[in-house]
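Before any comments, here is the structure.
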């Protein structure tokens, strides 16, 4: 499986937060690149893990809180409040401070190297001139998008109220009043709110009996999901494929996410409240309910109808500001919804002493809200006893207070139920705030308002923070969600709980939990509860000797039962095993804190004594006892211990190595540490299990034998088995997150790299397995192709041969031939399909014998097809001839007396008999087929045609006699001859007579004879040529006079409409378009040219197949190499023309005008002629240099063989024939004519292209490899002006390089160019017009001293236009290509901890400028006047140094760069670049926004530095 790139992870995260992503992508991706470059030093993986994922959790919380009160409504902007369509509200990078005005501000997620990213408000400082950053507390996320929040900000500002929020968009920065921003828009329909569900559920769901699961809930109605529900994120399946980069969960320190999102944490929660229950303001939204397992499918994530949250206010027992959760609603989730917790919430571990408020203990020693407090020893003892009771394994818990016993009954009822959280993350622990940068935690908030007050200034989601050295007290039974989830309330249930709950994402998965979760009971000897309660703490500090410091604080009152000696030994050995090898050698320094005079566990001192005496080296190297009074009796006889006071701690360890309680700076969280290391234990077991299965799969693949039977190509079964392993899925999903969380522990610097190394071994093993699987699949494909080849060969020699032989005698009738043709088409299609399969197999493994068999069968197939087509043509001719004769005789027999001559003339004119040439051609065709029946039929057709001609001649002769003339006059007088009048021309049939010497007549175009009244007037003018001096003759037919020049309507004949209808068409005598005869003549000429072209191509292929004489001995080694290169190019031309091009031309025989498209389709192959031109000119120059040495004429010296001159002569023939064909094509066939013109241009370019390639090789003194600079676009001489210098230079324009050279004398008969200067086109800018001559343009370059610029004067306007157009197109193409480079660089390398991305330097990346639509920090490059648009110019920039346009249409970057041609372009009248014949107009100019928009080659595209960067950066030779 391919790894999921980091880019996909980034895009999916942004798409989930800022929909629609296609609108917000330009702005967001630019901000992403900016932060990656400036803050994370181009490490995309670190950016993703350290910034983007925590920021997603934070922003998801903000969005959910903002949308909470609008649950059930359909938002008009689905990304509100983070974005409004393309306008981004919460920025991921800083905006230019110059855009800020008084009263403006914007929101940004600010990265931090020392802690998780945070939300901040940025505005102008009161004095102006700088930006002020106001942190937004995590607690404020609950009411961020409210007017009260901004009012609170404005209260603390001395001057100037903030009122307008800045939004970033592709078009620029937008301003929106905060009052409008915080009010979302909804979609309405017919006066009702779309998506509102007024009748499906009551406002408050009735709660069931305590301890029972909630009743099943109906599904949501379509459209009721809001952005805060988490449904706008793409659904991701939990079962990832191999090394699929899934989202990692990082510890968001201080985040309140899971405090409200985790059900069953505690009975009383401290959460911020907005409005009181008295109804003064808006209420909280309907709460979402979690589903119980077993009530439905595991993927029931859509049925979450709104339900009311807490229906009661704060309980009397809870502290002020806390909301009491009713007992019947213990499974209720406050914030965020179930799926949102599963996707976006970070870890929130609960530490002992961080949750205030017990079940019924009242406030106890707690002081007034908001005042710092210090709890006495008694409360501390109560706290620790309650904490241990909550964490005890096996059900032993501390006695509960009377107020808690009632809740315990509900817990017992719920203890055996499945977990109420089906979709939440395992990190459901409450966590304290971490305050980086200060020496100690901040004090508690000044004020926590009650539920009835208006709004809190600062609230705590995970428990309040307090002042003092570790004075974090718990006033009731504390909870440690150490194993991934706990019971709904109170202490943990007796059932062992897994350390990490399976994350249910999307629609759930079918992974068994028992296969993924490792329960605590799997490690019965490691006392996790002792470490979680703070009894044993590996602080992460070291003493003065460098030993790891371990603190032991005995609980007060002591645990019941106390820990045994073996338990303590095992736990201490486990903590010692976590250290690095060097620290393990030094041993542990154990600090026993007895300042509170707690009773010591009986087994503690013997265990320490044993560990101090045993082992090599001993595990405990130093024992320190911290005490206020005298030593306890248990320690009086203990040897090797040092007794210390609090003042002596400074000489033991530095303050930064000690805990807060000991006067130091460290503040470890035991519960957090235990949770992470339990997950590490699970991770190691997963790694070991996966590693075993992967290695087993590798052995199976390496030992797999080649199958005897054919198998389907696909993923090998061992790999499928590994990928289906739920352990691998869990490892993919959680492994990286666990390792990242392990690094966040205080003791991580002291611990070894065992888990990471094991994780890396799994990564490498999976990579090895994938490589073997890919090799296995390739072998399968090869075997399958070879089997197909064998099957094709067997079919060709068997059924194929039999069917081909059946077409040898196609039949003697037209119907039989047509039926045979249908069968042959089906057979030919099958053969071609099988031949394609066979050639695909031969491409993998060449086999000359098989290839020959295929070629022979294909040739025979073509011969049969040709014979069948000729037989069909012959039979169709016979049928048409018989039909013509039959219709002629029928006309003669059915006509009345005196009309036969007219009918005969019409028949001859309208459908003339086949000419003698056509008969001779058909006779040759019959002889070629070798069919006696066809020859007999040919003779019969000829005899019948001659008989009909004789009959027509006989009737025409009779009508031309005097008797016939008198009969016609009488008939005319009786039928209305008075209508003609005295001036009517006398009709004469002499014009109908055939010429005296009958020559060949044109072949019949069709076989039917049209009625005389319909067709005579159309063809009458061309019946017979008039003699010189005679007036034009006319023929009278039913009231119409038809002369050779006009048609005059004499009557209202019923047939008139037929004439008029036909006259309007292209076949009418005055119809539009080319006349019929002219069109026939044009088609005939086209077919003649195509036939000549095919014959010429056949001769050319035969000539290329002839051997070339070997070169003479007088050739130098260099010339011999050129000779061999020319022969190689000639052989490639022979292969191309013989295999492909000849067949293409033969296929165009019936469609002559398709020849142009045929040439263009093989344009890449015709580029071989440019290479051939280069080699031939080198040979000619070299042979010319050798000729004086032969002391004779050229004939006596070496010469170029005729066989090597033939290819270029063929190019000339192609061009001549195509030009003639272009002249014969009619104007209405515009597309074919354009293709022919482009083909002619293609052929003409090859000669010039070859000379350009030769000139490139003639550049001397250049240390740059010009072959790596892309295609050579142009080469022309220019007058170059640089400052006061003016010189003549030959300039070469490559795709990546601009080179100046000077022409020197011939070297061996060829030109030579001396290298002068070179510049990268990525640093180049263009000004199209300089001066008034119209011949000059300017090229200038960034990163040069004083903006180095060169003015180039062309010899003609055409050359100038060609260069400027190509340079402009080149710069835009580089800009489009830069987008692809950016995407390709963000590629994941696996699931290991290796870096996934190497992004270019800051100076080489400016795609963010394009995506954000802002100027690229004065990276001015090119001002192209051909892209001018109306609009004001950008301020502060000169026309020669403009910055990027304010906006670039996104469509301009979604281009297929391969379609952009490098051919010269022209400018149309509008000033836009119009492509040449071969160009594809796929690249658009920039969006209107400035008078001279710019093209920034370097500013748009950051190319990687080539090996010759130094040669390009500094001039080596003066220009």
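Residue numbers in this text run from 1 along the chain shown.
For all residues, glycine too, the Cβ spot is worked out from N, Cα and C.
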Residue among 671, 1193, 1433 with Swiss-Prot annotation phosphoserine is 1433
Phosphoserine per Swiss-Prot, picking from 961, 1053, 1356, lands on 961
Swiss-Prot feature region 'Disordered', matched against 150-193, 194-237, 546-589, 590-633, maps to 194-237
Record (Swiss-Prot) lists phosphothreonine for one of 497, 1492, namely 1492
In Swiss-Prot, the entry for phosphoserine among 459, 815, 974, 1082 points to 1082
The residue range that Swiss-Prot labels coiled coil, out of 766-793, 878-905, 906-933, 934-961, is 934-961
Of 80-123, 696-739, 828-871, 1004-1047, the range Swiss-Prot tags as coiled coil is 828-871
Residue 1082 (phosphoserine) sits from residue 931 (phosphoserine) (Cα to Cα, rounded, in Å) at a distance of 34
The correct three-state DSSP answer for residue 1082 (phosphoserine) is helix
In the domain 'DH' (1085-1253), averaged pLDDT is 81
Simplified DSSP label at residue 931 (phosphoserine) comes out coil
